[in-house]
Protein chains: 2
Amino acid sequence: MPGTDTAQIPGTRHTSRRGLLFGSAAAAVTAAAGFAAGSMPADAAEPTEALHGTDTVAFHGHRQPGITTPAPAFASFLALDLIQEPGASTAARRDVLARVLKILSDDAARLMSGRGVLADTQPEMATNPARLTITVGLGQSAVQILDPARVPGWLKDLPAFSIDKLEKAWGQSEVLVQLCSDDQITLHHGRRALEKDLRTLATTVWIQNGFRHSRGSMPEGTTMRNLFGQKDGTANPVEGMLEQAVFGGAGLESWAEGGTSLVLRRIEMDLETWDEVDRPARDFSLGRRQSDGAPLSGQHEFDSPDLRARDDSGFPVISADSHVSRSLAREAHEKILRRGYNYVDGSRAGLIFAAYQADVDRQFVPIQQRLDEADLLNEWTTPIGSAVYAILPGCREGSFLGRELFPD
Amino acid sequence: MPGTDTAQIPGTRHTSRRGLLFGSAAAAVTAAAGFAAGSMPADAAEPTEALHGTDTVAFHGHRQPGITTPAPAFASFLALDLIQEPGASTAARRDVLARVLKILSDDAARLMSGRGVLADTQPEMATNPARLTITVGLGQSAVQILDPARVPGWLKDLPAFSIDKLEKAWGQSEVLVQLCSDDQITLHHGRRALEKDLRTLATTVWIQNGFRHSRGSMPEGTTMRNLFGQKDGTANPVEGMLEQAVFGGAGLESWAEGGTSLVLRRIEMDLETWDEVDRPARDFSLGRRQSDGAPLSGQHEFDSPDLRARDDSGFPVISADSHVSRSLAREAHEKILRRGYNYVDGSRAGLIFAAYQADVDRQFVPIQQRLDEADLLNEWTTPIGSAVYAILPGCREGSFLGRELFPD
């Protein structure tokens, strides 16, 4: 039904869902030139300036935004737990969850289109959406409230990995909201607006803020660098494989039509000891050149790594224990969509590893098990947070996220 | 000597100092199209895309960059103390300071032109400078090391204000480095590179990270909004007054030719209680409309506030206790250049108030004293950090910051 796959935002061009999924960056957002021009001093505007603050992504659609849409420069992951009376009935708990999802859906549609939420005390901070996306996921206990029959088998704590040093502060929550935007002021306002509107229904468990390269500083689609200086995300599924990897298809099933899963791990990176590693050892550990991201067996970033390549002495060009070698999808169906963000938190730093895939057990877990067994990079990286969420299907205008998944 | 006021960066256009000071945003940076193109995937580039990551600001010049140059989207303020043996001689202390200033000058010139520092382990993270500026200031004890005769009278702790609740964690340091860039990855790499290179000479006292609207999301020159939703910085000196306000002139003297001062205060803002304030009370407390920043006596943001204006009942239109009324420069020479950044730090948030002026005592202090006596906004704001720095004059190629201020 193409009619439900487009969103109409007053004053903007329509954004087709197909454009969001497979189109170029230019097609992925709706540029609403002059959208908020009334709040800007006319004399400061240069006619030739192409401003991206008014770019919007459609909220309504078959799938939620913020998954296969291009990753904006900043993300704020907001983990929430529902406020529930001890011993509350299933019906009462379901009611709280429904209210949370209704509020989130209404607020997301408003904020993503550049409007404040209802009774917003600072709606001016919403007028520069800059590709704001708001994406909602549920932990196991929340899907159980929604409908125990719908809990997918993979929606549980990940297997215990030997490399993990998980801190309780970054653990599982009942609800997860991923906010992304190219503007930090917008992002902060949006997150606070959601927290305020949910205040009587949910408490904040943690917030993880991350960054990539700024919008417009590099060509759209440039692979971001993590804080080790490495290109991060090169091996993401290409357009033809993205749909299946994230939303299911031949051999992979999504937990709900239009839904997917998110594995969110906080991976601390020891920048101090990594600084002591020289360039050859860095490249050897990764299996790629830090300089341009090319696999050691190839010439260009997007060349496929050749794990069988041997050097003149007969040694593997890409070490069997390198990160590339261990993380490379062994089966086509293993491919996951990495959409991570760098974080700096006082003297600690690392990567907010965010991966979307149709089935956590069939895609993420086998890769992570190989990395756990052996990955040269493990010497400098430590997973300190871990959570798994079922990402809800998108919703149509007039509805709310998760509506069709409630029983009756 | 105009020849010393321009920097020549290989592959870039020249940037004139005059352009940096008084020009439009377009003149303030050097757009080096294709500068780092070799590291970008060609197929991701769209020919029409105007990328700002390769924009550079000149380091060398009569004055330091990062003061009157347009404020980039992100700032990181790095406070350092010199490592000194107890009882070290003045000559030994001076040697440490000279080494710090030489390293900072060399590193700043490299990083600001898009190159890594010497022995940079991640030079790829420097290739997207995005208007990176690095600006260096000294606290009282450091200027005393440099030359006791050059310590300006205002280079000391600010008077104690009744509204202050200063936390030791955000106090005075011996050296201050302000880094600004439109890209967070660049900014983080640059700050770490400086910390590493200075490791044997200086320790980090604190780091304050802040943000404004993203580059290109709004017209260049749009006044930023703080986390209360207010336009912040509207009353900054206009072009014709900027030079005198910051670097001295008739009636104001700078501590060193080409030097200035920085007052850096961390002002916590209580977003929770501010949320309870309705729109009329917000506008009344500020003396401006939150919506567009216009003074309550005027129509447009940049209209001069008329403190004598009365309404039909004879009451002042702008309350005598409003923030605008108290902070408005009483004398032309009081004008200061505010160049602040928003911060969010866990559950705390506020403004990194950064003000440049030729003379702290004659410009900043009288304004702050009036705000201390009465400012309706004080109910929701609390200064929790405070430091004062002498900002060094700029340096020429082949020299280093502060060189001409050392004795002999």
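From the backbone N, Cα and C atoms, a Cβ is placed for every residue, glycine too.
Annotation comment: TrEMBL describes B:64-212 as domain 'Dyp-type peroxidase N-terminal'.
Annotation source TrEMBL lists domain 'Dyp-type peroxidase C-terminal' at B:224-395. Mean pLDDT across the domain 'Dyp-type peroxidase C-terminal' (B:224-395) comes to 94 in this model.
Tertiary proximity for the region 'Disordered' (B:285-308) is limited to same-chain residues at least six positions away from its ends with a CB under 8 Å from its CB atoms, namely 223, 228-231, 234, 277, 279, 316-320, 322-325, 328, 376-377, 379. Residues or ranges marked as region 'Disordered' by TrEMBL: B:285-308.
Among the features that TrEMBL reports, signal peptide is placed at B:1-44.
Across the domain 'Dyp-type peroxidase N-terminal' (B:64-212), DSSP assigns 54 helix, 32 strand, 63 coil. When the region 'Disordered' (B:285-308) is classified with DSSP, helix, strand and coil residues number 2 helix, 2 strand, 20 coil.
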